[in-house]
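Trainee: Straight from Swiss-Prot, here's the annotation block:
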type	residues	note
BINDING	Arg46	NADP(+) binding site
BINDING	Arg123, Ser124, Ser125, Asn251, Ala252, Gly295, Lys310, Pro311, Thr312, Pro313, Ser314, Arg337	FMN binding site
Amino acid sequence: MNTFGDNFRVTTWGESHGKALGAVIDGCPSNLPISEEDIQNELNRRRPGYSIFSTPRKEEDKLEILSGIFEGKTTGTPISGLVFNKGQKSKDYSKIKNTPRPGHADLNYFLKYGNYDYRGGGRSSGRTTIGNVIGGAVAKKLIEFTHNIKIIGYSTKIGKINGDFDYYKNPEFFESNSNIEKLFEKIENNPLRCPSKNSDEMKDYVLDAMDKQDSVGGIIEIIIKGIPQGVGNPVFNKLEGKLGSAFIGINAVKGFEIGRGFESSELYGSEMNDSYYMNKDSIKGKTNNTGGIIGGISTGSPVVLRVSIKPTPSISKIQESVNLISNENEKIEIGGRHDPIIVPRVIPVLESMAAITVADLMISSGYIDPCRI
């Protein structure tokens with residue numbers, strides 16, 4: 001329920017307004033060089049206050065490592081890390097504790113469990129992805145250290161506005177690690193984490209939604225470069241199946257596609273098929289329309305993934321709901337501090353889950369020694 005992975009396992013815990021949140025990572029081999037700073041850097045990318053489009057909730061998200069790392073290297077024992085909540089304002093939710101918020105998991109949690117933490121959504125809050133990022137930071141370090149695998153994410157669409165940058169517009173760009181490093185810098189210096197030339201138009205779109213007390217969603221593209229051929233399995237533990245499960249498990253994700261995705265339904269087979277050719281002593285694909293995965297197994301080409309993110313459900317507009325005590329219809333006005341768009345902050349979470357998935361399957365596929373590096 002709260003654990004992802006079979007060999008490289010990440011268990012997350014904590015609630016939005018609880019004392020702390022964190023993760024336990026089990027199955028990471030020993031001797032992996034890693035520091036608190038490596039993990040903190042990833043947490044900083046997810047932290048509130050990233051940009052003008054982020055929630056004004058003030059949180060340091062300062063990491064504390066409790067176990068599993070000694071003298072700058074993993075020990076092979078469970079790695080435990082936590083972050084203390086410091087900026088929660090639970091009184092913001094006291095007026096609506098009996099009125100489930102539309103678009104949130106409040107009502108479903110109440111109907112299923114009877115008792116739920118209404119403060120900021122409790123366990124269903126996006127803040128709980130702190131644990132995902134802690135685990136993902138370790139996984140990123142593991143797959144990059146052992147196989148130089150790079151994972152990068154960016155927004156390609158904000159609301160109804162399409163960007164002009166994505167993998168299929170220039171796949172050759174992603175052949176260079178230097179290009180990827182430059183792209184990362186560009187993304188991190190953009191408030192929407194969007195490398196497109198028309199990102200200013202996207203910013204105006206979000207600002208307009210904010211003026212209307214509304215919110216905006218978008219589409220994120222994730223590229224996994226350097227993953228070797230043979231990662232994944234043919235039937236139930238398919239690489240794309242595991243990635244889909246990892247991504248759909250993240251709050252706000254409502255759609256997932258690989259490679260050409262839904263566009264492939266419009267193509268002829270002759271357009272979709274990736275022809276092969278000999279490149280010295282190896283077989284390569286002339287194109288990568290399948291997104292780096294065929295038959296549940298990585299092809300060696302970059303894995304190309306896209307995810308649809310819904311608009312942030314917490315908006316300032318008055319909405320319709322019900323009172324769980326009186327069983328009567330009721331208007332609800334949500335206070336508190338919320339993101340007008342969650343897309344930029346979801347990107348490091350998606351990268352983290354991609355890294356955890358790849359690390360897990362690379363161990364089971366024999367590419368990483370489960371005991372020590």
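Easy rule for this one: first residue shown is 1, then count along the chain.
Using the three backbone atoms N, Cα and C, a Cβ is placed for every residue, glycine included.
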Trainee: Could you tally the C-beta atoms, other than its own, that fall within 10 angstroms of the C-beta of Thr312 (FMN binding site)?
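Mentor: Taking every protein chain into account, the count is 21.
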Trainee: Across all chains shown, how many C-beta atoms besides its own are within 10 angstroms of the C-beta of Ser125 (FMN binding site)?
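Mentor: Within a 10 Å radius of the Cβ of Ser125 (FMN binding site) lie 21 other Cβ atoms.
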Trainee: Do me a favour and check the Cα-Cα span between the residue listed as 'NADP(+) binding site' and Ser125 (FMN binding site); whole Å is fine.
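Mentor: On Cα coordinates alone, these residues lie 14 Å apart.
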Trainee: Please identify which of Arg46, Arg123, Lys310 has the densest Cβ environment, defined as other Cβ atoms within 10 Å, among these binding-site residues.
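Mentor: That would be Arg46, with the most Cβ atoms nearby.
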Trainee: Helix, strand or coil at Arg46 (NADP(+) binding site), per DSSP?
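Mentor: Where Arg46 (NADP(+) binding site) sits, the three-state DSSP reduction gives helix.
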